[in-house]
2 protein chains.
Amino acid sequence: MIILKLGGSVITRKDATKPTLDPVNLDRIAQEIARSGNRKLIIIHGAGSFGHLHARKYEIGSPITTPEELERKKMGFTLTQNSVKNLNHFVCHYLLNYEIPAVAVPPSSFIITENKRIKSANLEIVEKYLEMGLVPVLYGDVVMDTDESIQMAVVSGDQLVNYLSKELQPERIILGSDVDGIYDSDPKTHSQAQLLEEVKSMEDLKFLEGARTVDVTGGMAGKLTELLELAGKGIESELINVGCEGLLESALKGEKVRGTIISKQ
Amino acid sequence: MIILKLGGSVITRKDATKPTLDPVNLDRIAQEIARSGNRKLIIIHGAGSFGHLHARKYEIGSPITTPEELERKKMGFTLTQNSVKNLNHFVCHYLLNYEIPAVAVPPSSFIITENKRIKSANLEIVEKYLEMGLVPVLYGDVVMDTDESIQMAVVSGDQLVNYLSKELQPERIILGSDVDGIYDSDPKTHSQAQLLEEVKSMEDLKFLEGARTVDVTGGMAGKLTELLELAGKGIESELINVGCEGLLESALKGEKVRGTIISKQ
């Protein structure tokens, strides 16, 4: 089984001022998954502009100090949940168009966090869907938190990748975003930046401040922290550019493609 | 806490040849819920034309005899799940428009049936949303079944009402559909038909064959069986016409409105 993460940056217009799909990318990605023939998959997608705008506006996950703030955050919680569910609906719709048997499994209906980290999640349903040959689709969502001071939290797609990988032992983890992988310096500001084939620790990177994109789930730094923690447990993952035609299809077929492998030190 | 069921017949065009919303009814119903001021609610809605067309076409819940049929049903399962999720998305959207803090909790992500009856369902999340003052919204959905011969089943909104009522002990159960309640004979064919204020057993009805509408979840007979089983355990429920302006608002405010009460014999 493969865990495939589709970054919010590639299936939505992440810098849009309102939730905006990237239907061209999404359609092509669904086609590539279909053509790869690989159906032993869990797909996890990010929230992109469907989640970050709301989560940031309502500061889901930050401490609640007044009853008014609780009321405001509760409304923000429901609006965020509704918005990311909307994105998930598009994702499933495109997958089904290419006869990928996608089944939505929203984190907000089975996951609870403790201080923003997944505390309990009954994965029985996800495992049963897999056994049946269906493709569970999870996504970055808002969930309830047991910490009284925050009560609600954001669970990013990257945290889901981390949790599900530890629990379900996938054969491979593929993380698709709109960049080729990890560079030794920020390619946007350094013309000499080199793509790293392998990253084993945060020390391999010189540029982290440049990679902190505006992203409530922590941007590249947050992503790497999750992946390095996994690597430390012997679970490798690969970052590839799914914005680039053909790479995802090849990767799902088991071919080696351009990207960065996150592995054990 | 009140469990409010919204029948698929009232929020969708149930006899449409493709999934079709009834936006006028849905908008008014959302407004009435908002105006009632009642927020200690679980809302359960039927699938109407968003579910029955698919479920019937793919015969979800009927025995699987060949591998081809399994493949066909698996695709049918995913298409049905996607379609009812779409209806739920509309419902939540309308509720949120009137600032009702709706949170979708899809049965397919936390319920498993055994020979078409709910076997396990972790209601912890539903209870936590209620505690927080949010309004969980569940709906008629497809789920996995432990019976090897069928593997998948439909869970109707009525079965959900039955299960959740037994587990969560609501103060009231209101079932809203597009009819005034239960009549002593079929009002469509008998001009003298009388609305029954109370029903205590199937024997109170003379007309059941007339009430068996084309409905994979069993029509009125299936609905009554669920409700009489509840009544037998001392849990009363009331059938009202939510297609009729004002009745739902009054009922949610605790007023007595026209309808039928299903009570213990």
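Using N, Cα and C of the backbone, Cβ positions are placed for all residues, glycine too.
As recorded in TrEMBL:
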type: BINDING; residues: B:5-9, B:Gly48, B:Asp178, B:183-188, B:Gly219, B:Lys223; note: ATP binding site
type: BINDING; residues: B:Ala47, B:His52, B:Gly157; note: substrate binding site
type: DOMAIN; residues: B:1-240; note: domain 'Aspartate/glutamate/uridylate kinase'
type: SITE; residues: B:Lys14; note: site 'Transition state stabilizer'
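B:Lys5 (ATP binding site) has B:Gly157 nearby among the recorded positions B:Lys14, B:Ala47, B:His52, B:Gly157, counting only those with a Cα within 10 angstroms of its own Cα. The binding-site residues listed here (B:Ala47, B:His52, B:Gly157) include B:Ala47 as those with a Cα within 10 A of the Cα of B:Ser9 (ATP binding site). With respect to their backbone Cα atoms, B:Gly7 (ATP binding site) and B:Gly157 (substrate binding site) stand 8 Å from each other.
Under a cutoff of 8 A between CB atoms, and with a sequence separation of 6+ in the same chain, the neighbours of B:Lys223 (ATP binding site) are B:Asp158, B:Leu175.
Spacing of B:Lys14 (site 'Transition state stabilizer') relative to B:Asp184 (ATP binding site) is 24 Å (Cα to Cα, whole number). Note on the domain 'Aspartate/glutamate/uridylate kinase' (B:1-240): mean pLDDT across this stretch is 90. Spacing of B:His52 (substrate binding site) relative to B:Asp178 (ATP binding site) is 17 Å (Cα to Cα, whole number). Around B:Asp178 (ATP binding site), taking its Cβ as the centre, 16 other Cβ atoms fall within 10 Å, counting all chains. Counted over all residue pairs in B:Ala47, B:His52, B:Gly157, the record's binders of substrate, the longest Cα to Cα distance measures 12 angstrom.
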